[in-house]
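Engineer: Straight out of TrEMBL:
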type	residues	note
TRANSMEM	12-29	transmembrane segment
TRANSMEM	49-69	transmembrane segment
TRANSMEM	81-100	transmembrane segment
TRANSMEM	112-133	transmembrane segment
TRANSMEM	139-160	transmembrane segment
TRANSMEM	181-204	transmembrane segment
TRANSMEM	210-231	transmembrane segment
Amino acid sequence: MTPKPLDPDVALWLWLGVAGMVLSALVLFPRTRKARTPYEESELVNQFFVLLIASGTYLAMALGQGSVIAGDGRQVQVSRYMTWAFTTPLLLLGLASTALGSPIARRKPVVAGLIGADVIMIVTGLVAALSPQGSAQKWIWFTVSSGAFLAVLAILWTTLRAESRATGDDHHRLFLRNNSALSVIWLLYPLNFVFGTEGLGLYGQAPTTAGYTLLDLLSKPIYGFFALAGVKRLVDGRAGGAPTLNP
Ligand code: RET
């Protein structure tokens with residue numbers, strides 16, 4: 001991965017991303033050692049790995065690595081899509097275990113379908129990003145990726161919402177809260193794609209990078225700490241009822 005020179009504004013946003021991800025991973029790590037139930041532990045470890053993976057790929061991007069120059073001369077951050085291919089399944093697994101309880105035993109095919117649709121969304125989104133500016137191919141792949149995204153939202157809002165009700169009132173309430181936050185944040189990603197350099201090009205590379213960095217900080221550390229606060233309250237409320245972990 002030969003480093004490519006970065007515009008100073010782009011580099012600044014990428015270094016802000018590195019700082020946000022690394023600091024939040026450092027804050028979260030000690031908490032993973034204090035989990036009280038298997039469910040709390042799986043949510044903490046899941047979220048920690050989301051931050052760790054994002055720290056690595058933001059570092060690569062800030063060092064000028066992990067991008068390719070598309071045929072039309074645009075610099076496309078391929079490593080951003082590679083991070084998403086790992087972090088979005090982890091975020092969805094966290095939400096699925098709030099719906100189904102942990103370990104996820106019931107509805108394994110539904111969870112597999114959820115993750116499968118998500119990976120298709122990211123891979124076809126990358127193909128759209130790499131397709132030439134203004135080409136029909138770009139918008140065909142964008143439509144395919146958006147279709148996969150709709151499948152993800154449909155599974156979350158129908159099957160998993162119903163399952164969360166069956167798991168228990170506390171899981172149902174937490175699922176609705178976390179799912180609403182996640183869905184709203186995720187809907188903003190395709191907007192940055194459409195208006196930024198990967199889509200219509202209404203704004204340049206620095207604002208596009210700023211948009212994705214802010215969204216990544218929202219969807220990983222900020223959503224993560226928000227979701228984990230709910231998990232902590234749920235486990236506090238169940239004290240004595242659920243299986244516990246040995247130190
Ligand atoms: C793309 C462009 C093509 C159409 C759609 C997209 C959706 C991307 C999403 C990304 C979410 C990323 C997150 C990362 C956190 O680690 C690929 C931008 C629908 C929803 C949450």
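Quick reminder: no glycine exception, Cβ is built from N, Cα and C everywhere.
A TrEMBL annotation is a machine prediction, not a hand-curated record.
Situate these features within the shown structure.
Structural biologist: Residues 9, 13-14, 16-17, 20-21, 24, 28, 31, 39-40, 43-44, 47, 50-51, 54, 58, 80, 87, 91, 94-95, 98, 174, 177-178, 181-182, 185-186, 188-189, 192, 196 of the same chain, all 6+ positions outside the transmembrane segment (210-231), place their C-beta atoms under 8 angstroms from a C-beta of that stretch.
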Engineer: Go through 49-69, 112-133, 139-160, 181-204 and flag the stretch with the largest number of C-beta pairs under 8 Å relative to the transmembrane segment (81-100).
Structural biologist: 112-133
